[in-house]
Amino acid sequence: MIKNLRGAPALSDFRVKKLLAQCEQLQLPVNDIYAEFAHFTKLNEELSTSEEKVLQQLLTYGPTIEEHQPAGLFLLVTPRPGTISPWSSKSTDIAHNCGLAKVERLERGIAYYVTLENDAQLSTSQEAQLNTLLHDRMMESIFNDFAQASTLFASSEPGELTAIDIESGGKNALVQANIELGLALAEDEVNYLFENFTKLGRNPHDIELYMFAQANSEHCRHKIFNAEWTIDGVKQEKSLFKMIRNTHEINPDYVLSAYKDNAAVMVGNKGGRFFPNPETNVYGYNHEDIQILMKVETHNHPTAISPYPGAATGSGGEIRDEGATGIGSKPKAGLVGFSVSNLRIPDFVQPWETDFGKPSRIVTAFDIMIEGPLGGAAFNNEFGRPAILGYFRTYEEEVNSFNGKEVRGYHKPIMLAGGLGNIRDEHVQKREIIVGANLIALGGPAMNIGLGGGAASSMASGQSAESLDFASVQRENPEMERRCQEVIDKCWQLGEENPIAFIHDVGAGGLSNAFPELVADGGRGGIFELRNVPNDERSMAPHEIWCNESQERYVIAVSDKNLATFEQICQRERAPYSVVGRATEEEHLTVTDSHFSDNEKLNTPIDLPLDVLLGKTPKIYKDVKTATAAGDSLDLSTVTLADAADRILSLPTVAEKTFLITIGDRSVTGMVNRDQMVGPWQVPVADCGVTASALDSYHGEAMSLGERTPVALLNFGASARLAVAESLTNIAGTDIGDLNRIKLSANWMSPAGHPGEDAGLYEAVKAIGEELCPALGLTIPVGKDSMSMKTQWEENGEQKSVTSPLSLVITAFGVVEDIRKTVTPELRTDKGDTRLVAIDLSKGKKRLGGSCLAQVYKQLGSETPDVDDAEVLKGFFNAMQTLVRAEKVIAYHDISDGGLFTTVTEMAFAGHTGVDIDISKLSNGANDDLATLFNEELGGVIQIRESDVDAIHAILAQHGILENCTDIGRLNNEDTIRFSRDGEVVLENSRTYYRTVWAQTTYRMQSLRDNPECAQQEHDVKFDTEDPGLNTELTFDINEDIVADLIIRDAVKDAENSANDITNPRVAILREQGVNSHVEMAAAFDRAGFVAIDVHMSDILSGRADLADFNGLVACGGFSYGDVLGAGEGWAKSILFNANARTMFKTFFEREDTFTLGVCNGCQMLSNLKDIIPGSEHWPHFVQNKSERFEARFSLVEIQESPSVLFKGMEGSRMPIAVSHGEGHAEFSSDAAIDAANNSGTVSMRYVNNYGDVTETYPANPNGSVDGITSLTTTDGRVTIMMPHPERVFRTVANSWHPDSWGEDSPWVRMFRNARAFIG
């Protein structure tokens, strides 16, 4: 029985306008579009009246938008029939938790009503264009009436196995299958398979060919990096991979794992890892070695086809790599990067942005940068990993490179996803897989998506059918991955009792690659049952079940002895799992299929020796010739400094990147010390990202990026050397110490096979693997390659192509001794007399080849910057380390893209100050000024105190780089950036002017992607020369610990009592599936003297936990159930409509000796429990931000007079706080309701601007809530809800900016201590 229920409007006015604009662009005759959600319920019996009411309430969620009377062309978009969407599985879980057992399944679609101009009829092609706008054809279907939606719940018989008949068709049958299935097998691999299956005496099955193709794709096996090379007739001694490994052979210090796992591991620091005791669920610090894992991946092919899911699953896959390192570890902080062709922003196309065309199967660079960053950010946000580092480059030009004149660029983009994490020392190495061990799939179900992704990504774009390209893109479900990570966390937290023996993530090739890899790496074979694979698409054929790349999955080996422990953890975390197979002694792979158990031809889809699949497959031999890049001498004779400055600041590579940053959570974990945003004006110019090792430590980790890819169009080796060097100049402002405490990841992107590029790749690898890194004492223990960076197509009968430069992206990971000493580019105006010093590591060279200056004038140049002397680079790094540790440097910024001009202006932007720069000692006259200001030779600029000059000179001299240093200027208070030479001003404009030019890219992209009203408001702020920036005003003593006596009293009592009779007040740190901010919340309450206890909603619903045992309740932030029924609403309804849970919560709220706090998702959840929270009648509903975008900001708030027990004594204080939410807009039912809330005295916190005024203006008010309302309390003050995150900034070092005078505790600790004081 299927029931249809009409839902709320699905699109805001802004989204409708955006859709209409897209229709207009496609010349579709569309006047208007109205869309609303449509819910479909499959019931196993009729609902009662009360159940019907619960279901209706469950499916009423989100913001209040005016309903329309539907009319026009009807299009119903639903998940693809035969599949179960993530929305369906989560909402169905909520329904069951609400007691709706008769609901077999919920599903959701969107009903579109399209009004056409003058009742026009759409042509077939126009219909196809409209359909493409409205749905994702890989995941969704379009129907023309509601009746057709019944097929959503239809199931069909599974597809059958297919044999490839080589017995009668010979090798040609394999050749044909290779083409039809898109396997991307080379001729020698086809021969290999033919020989082996002939020996086995049978025909191969399609599932076996798919599996072989994925496991042996370039993506998975890195054949080019393992190839043997002959260059210009000379056989080379080493493969590319051996040259990379050379760095580890020469310098293995501090490396614990390299080249053999999902990520590399280096030695970290000691600290207190904070997590709950596995037996008692009481949080506590565990002092131990905290080793650092590091990984950087790319997801280029999927991002070119479908940017949002491509980038999302790129981040998700890299996170899984980290979590599956050793026998389980913890991802901590992420990075994201993009290289694309010319952006060509509508109505903002730049003079250098020629349109060279593109094939229809890929999207534009503009589309990639609109959708891709959102996908990467959304996954990190929902998983709960801060993204604190990134890069963005655009390049597309016809240049005279190694193959003569041709178009070089990034039609096949680079989508970089990486990060660092932590792992226990005893978990770095994987354990033995014992014979008979359970081989488990943990995570989401199989779906028919991402088929052939490994093979597809190994081909140059244009070599496969468009349908196969699209089929190879995966789709994301980050909340599922979060659940899986919680399982992994609970396993590693068991220490020696960790039940995981072996773990791999499921990535390219799906289970067909992961399970064979798991058993082969463990020296075992395996026998698997195909139908034990969790499957949401019954109709799939065997090869689709085994080889699809459904995301959020891991494969794990667990012994029988540990299986019960593992299962209990999975059940508590609601993480799906299944025992799919068993490990065998014989290294053989068998997959059975019980569905066809009676059919001998179909019941054993795979029966192969593992060495046929993963053994000595054919090796690649590369015989290549070197080429010379002609280049062109730069003609800049007509270029003015002023025009060059404007163009450089408008080049997306240099321009402001706020639009890529504020969409991503940068504060979750409470351990981020340095994100991209710098200083009181939150300007995105940080050189690196820094995290604390633990919540009780000043030790930490840092990571930085380096890449100079356009240089490779002229000099392969220089480009590679510069990438390594730039990663060092970017990380030099942190307190690392020895250079060998830094380890590198190398990501290589190359158009393999393109004339000159193969020899160039060898030259570049050799340049750093054999030469520069050994000279610096650096190791590259991890990396990845993508060897198909070329796009080909036919246009009007003409063959066209865009080929990327050889692109090496280096990520440096370092161990930080003291995170408090990190120096940023913010010029300080409050440090007395200071000067700026330029450090030039090239000793006066000003080579412009491959520079941004050349690019913005559509040129390339000839001679490029380079690392001319490794000793000078080493001396620079060591000198910086000495200066940073001695706190002699006030501000630091490296010189890179855009040269000295960009470095200085960005520092001025961060410090909101003018500067006077004298280039007399750097420039050789008027004809040299351009090169002086815009060359991209290695170096940096430091701000130092006049009083420290002699001491600093001594340090610079000690490290041999004093002669590389030049005094270049001072700060001014004129809001002017001025460059002079020999007493003459050569370039001058207001800081505000340059700041707004630099901001244009962000402003334009935000205007087209987000609510344009908000984008305009944020841009307007940049014109305010008087803006004081973030500031603080406290009405209490930040250093006073108001509960010190209580904590001492509790400690004495505890010492007198037995270990199991702790008297400290207990606070329930409540989480639901998808919540991700619970650990830092527990740490904040622990700091205030509470016993913080991990409580999952599954504990409440199962009766394992009772709120009667607690003094405090905290509902934490995140994405409960992936916010499928509105932010926090599904969580709330699972309480309201579950009789036992409702009673328990209601009783707790009514107890006068308790307090409750809800933050972010917990705030949204509690706001939906108003029916059972006394005194909350004036609370609003929290809905989508006005910007219609997830907002991660560091915002200023003011504490209001209110009854809140948490804000006692803090009234009138103004201070910054972390904000990270997509649905924080306080929606009241009417103006009268707003007045009632304001008059009730229950508003406890409001957003204010930098002048201290309550504001509704974006971005000071990140969600547009009326009267700046962002926190409320009950009339008795015992229950407080708030959207910002005080728990993430309770440590001063976790604040993106703070006054120098703050100590260990930020002012937000007072809030948690107030809770402790309330309990008494």
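Here the Cβ of each residue, glycine as well, is placed from N, Cα and C on the backbone.
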Quiz prompt | Same Mg(2+) site per Swiss-Prot - residue from ASP536, ASP868, ASP869, ASP894 joining ASP687, GLU726, ASN730 | solution = ASP894
Practice problem: Whole-number Å only: compute the distance from the Cα of CYS1160 (active site, nucleophile) to the Cα of HIS1285 (active site). | Solution: 7
Practice problem: Run through the Cβ atoms and count how many others sit within 10 Å of the one on CYS1160 (active site, nucleophile). | Solution: 32
Exercise. Looking only at C-alpha atoms, tell me how far ALA686 (ATP binding site) is from HIS1285 (active site), rounded to the nearest Å.
Key: 22
Quiz prompt | Output field, Mg(2+) shell: CB within 8 Å of site CB centroid, site ASP687, GLU726, ASN730, ASP894 dropped | solution = CYS688, SER704, LEU705, GLY706, SER727, LEU728, THR729, ILE731, ALA732, HIS893, SER896, GLY940
Exercise. Could you check what DSSP calls GLU726 (Mg(2+) binding site) once collapsed to helix, strand or coil?
Key: helix
Quiz item: C-alpha of GLU1287 (active site) to C-alpha of GLY316 (ATP binding site): distance in Å?
Solution: 25
Practice problem: Quick one: pull the CA-CA distance for GLY314 (ATP binding site) versus ASP687 (Mg(2+) binding site), whole Å only. | Solution: 23
Quiz prompt | GLY310 (ATP binding site) CB neighbourhood, other CB atoms within 10 A | solution = 28
Self-check item: Integer Cα-Cα distance in angstrom, ARG320 (ATP binding site) to ASP687 (Mg(2+) binding site)
Solution: 26
Practice problem: Note down the number of other Cβ atoms within 10 Å of the Cβ of HIS1285 (active site), including every protein chain shown. | Solution: 26
Self-check item: Whole-number Å value for how far HIS1285 (active site) lies from GLY316 (ATP binding site) (Cα to Cα)
Solution: 24
